[in-house]
Amino acid sequence: MASNIVAESDDEQKSSTYEDRDREDSSQSLSDTGDDLSDSESDSDEEQGASAVKQEPCRYYNSGKCKYGKKCKYLHVCKYHFKGKCKKGSDCPRRHSAASQSDSSSDEDDRGGRRTASPTETHDKPYQWQLNSGESWRDIANDHVLEAQYSLPGARGIKIYNTIYGAIVIDFNKMRIHKKKIRVQRKSFDDCGQETEWLWYYHGNNGWIEYGQKDSKGSATSLKSCDIEKEYQKKPKNFPKFTAGQTQYEINFKEMQQINLASGHKRRVVRRPKFTALQVKTGKTNLTSSSQQQHVSPGGTKPVWQFEGDSGKWYEFKYRFATDTESSVSSKEIEAKYQANPAGSMTFKAGKYQYMLNFSDMTQTNLASNKIRRIQRTMV
């Protein structure tokens, strides 16, 4: 599904409770409406639960709510594939095999739940963003742009235009679609040779800081992102403790807060994936051509490149003539370089200093001092 994207940053958000509770990579669920159940067998036949499996698809399995699971007497297969006309192929969430209900498949699959990736299916990246209005999960095209925005700790959401459901707003903090009965999920895969690396951030006085990195005063926390992730995976109800300087803190995973144990002061915490740009390929995952279609919106929306200042605010890359911070590149020129190679980098000058932009990890580095700032690509 082609889509145009507008990002919403944390700077637009005033005070609210931070609720990033994604224990796993998938989203919180909304209600599932299911398919129409009026075109198949009677309720009384289904409720008998006979032992012999009849050679026709179970309509309750296809609607996502068969209560008999492996004991159902009807086939738990895709009704469209059974008739020889399923258009979704390997992306179909229902079985395409008419094997016995007593095989090794999970109960969730037998009852019509979300099917996990087949062991024989391979993927070119460790994630896939999907939408579901109650029928099946559908991939969001060019979701590397969505993933890049989600990886920024200050991004609270994103707006996508021209999906099959129209314009939608994804709330990253709650992992849900604003004001629509559509579910969203970030599905993860481990068969592409690359696992998702999760990073942890707290909101400091001058913006978001990754755990283990130095703040503006040169102080760093005793725990790094990888340490916190291990604790989170072991037991999300834990309260891992750490120090920064002479002060002791703890993290409340449930509330996603950092607490100063001496003063009781709380700060927001987020868990976000480390974004790794994909290699440009031909065919299905040609990011250059597909991103060119997605990034230039026919509705007047355009991509803008920004860097994070010392105050935590974001500023657009612009020419600045006759000043100490005169820049040699504009946002438009950066976009052209990004379109040519989303996994590449470029250099530019501002005043007397030379910098490098790295699109893979979305950073700007001062080549003289090695100071690193975050950059982002948003739509305005």
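Cβ coordinates come from backbone N, Cα and C, glycine included.
All annotation found in TrEMBL is predicted automatically rather than curated by experts.
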Subject >> Annotated zinc finger segment (source TrEMBL; candidates 52-79, 332-359) >> reply: 52-79
Original post:
Do you know the mean pLDDT across the domain 'WWE' (291-377)?
Top reply: 77
**OP:** Just give the helix, strand and coil counts over the zinc finger (52-79), going by DSSP.
**Re:** 9 helix, 6 strand, 13 coil
